[in-house]
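**Student:** Not my notes, these are from TrEMBL:
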- 49, 66, 144, 145, 146, 165, 262, 263, 264, 279: iminosuccinate binding site (BINDING)
- 113, 236, 326: [4Fe-4S] cluster binding site (BINDING)
């Protein structure tokens with residue numbers, strides 16, 4: 001049955017309201033979730049991002065970062081429903097890559113991403129118009145996976161591409177082989193850290209402040225002839241909380257500790273870490289480390305906590321001692337997951353994510369360009385340090 005057919009069939013009766021689920025005790029939620037999974041069988045696949053809480057990730061059929069999960073969704077052709085335990089842009093990417101007969105469900109539509117929300121189409125289009133008016137046709141647009149489908153489509157329609165935290169280097173190499181400049185959004189830190197690791201001087205980079213009252217005057221560095229990399233002034237609210245001071249304090253307390261951080265962290269944090277890489281890279285480093293290794297990790301706390309549980313032979317803690325989980329990712333809770341699954345089992349598709357077809361086509365072009373790149377792989381841009 002097509003997606004539209006699924007939605008049409010779901011209107012035959014009323015879906016259960018979420019208000020019935022919010023007050024349920026945890027034990028009942030867990031028992032009913034297991035039962036709903038059994039009832040759906042292979043018709044539904046549950047994808048869990050690494051940053052999900054333990055009480056949600058235990059039900060995931062697959063775990064991974066955003067792009068790995070979208071690829072997995074596309075490869076599960078037998079599943080009618082893709083239940084994405086992540087945030088909105090991840091579910092959109094899964095919808096772009098899904099099979100025609102599949103439906104993507106996000107258990108809570110309020111599970112957004114503050115970084116993705118920092119770059120909206122109107123602002124990006126205005127920046128692009130101003131930059132190309134001065135520099136001409138010299139830019140390749142590159143958007144991070146953590147962006148809306150509309151911005152992926154923007155890149156696809158203009159010869160651009162999508163990148164992840166693990167393949168950003170390969171993507172930037174591809175872009176600079178085609179044109180002398182890159183317009184990178186929405187995460188300034190991933191762009192800066194990757195560009196610097198490739199040997200691009202900081203003086204050849206410039207930030208685009210989309211909130212500036214006078215866009216041209218306050219972003220004047222972006223219009224210099226020597227600027228090669230224009231970085232959107234966006235950031236991850238979790239990873240920007242890690243600081244150089246925290247690194248210094250961790251090493252003062254334990255000179256043998258290894259500092260392992262995500263490239264969404266600020267530049268001075270990345271420069272002073274022992275190892276830098278994507279979520280999958282972080283997991284791999286811990287998995288391969290010998291017993292007794294001591295880590296201070298700069299990434300989302302749910303993942304750090306899970307690594308500690310899975311590797312009790314090592315000492316694993318967050319680089320930041322008092323840290324909160326990603327608030328929007330944490331909106332996916334056991335009650336919302338149960339609500340989505342039981343409604344699916346009863347024939348009701350709740351919270352479907354549907355990218356408009358014209359947007360979907362161009363976004364798919366940008367994603368396919370990335371997939372076609374030679375050398376794109378799970379650790380293609382991770383920045384290990386001696």
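First residue shown is number 1, and so on along the chain.
Each Cβ is built from the backbone N, Cα and C atoms, and glycine gets one as well.
Relative to the rest of the structure, where do these features sit?
**Tutor:** A 10 Å cutoff on Cβ-Cβ distances gives residue 262 (iminosuccinate binding site) a total of 28 other Cβ atoms nearby, all chains included.
Mapped onto three states, the DSSP output places residue 236 ([4Fe-4S] cluster binding site) in coil.
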**Student:** If one measures from the C-alpha of residue 264 (iminosuccinate binding site) to the C-alpha of residue 113 ([4Fe-4S] cluster binding site), what distance in angstrom results, rounded to a whole number?
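**Tutor:** For residue 264 (iminosuccinate binding site) versus residue 113 ([4Fe-4S] cluster binding site), the Cα atoms are 14 Å apart.
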**Student:** Hey, does DSSP put residue 262 (iminosuccinate binding site) in a helix, a strand, or just coil?
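**Tutor:** Its secondary structure by DSSP: coil.
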**Student:** Determine, for the [4Fe-4S] cluster site, the additional residues of the same chain whose CB lies within 8 Å of the mean position of the CB atoms of 113, 236, 326; present them in sequence order.
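**Tutor:** Counting only non-site residues, the set is 51, 87, 114, 115, 146, 237, 238, 239, 300, 328, 329.
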**Student:** What residues, ordered by sequence, lie under 8 A Cβ-to-Cβ from residue 236 ([4Fe-4S] cluster binding site) and sit at least six positions away in the same chain?
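**Tutor:** Those within reach of residue 236 ([4Fe-4S] cluster binding site), by Cβ under 8 Å and sequence separation of 6 or more, are 114, 115, 146, 187, 189, 264.
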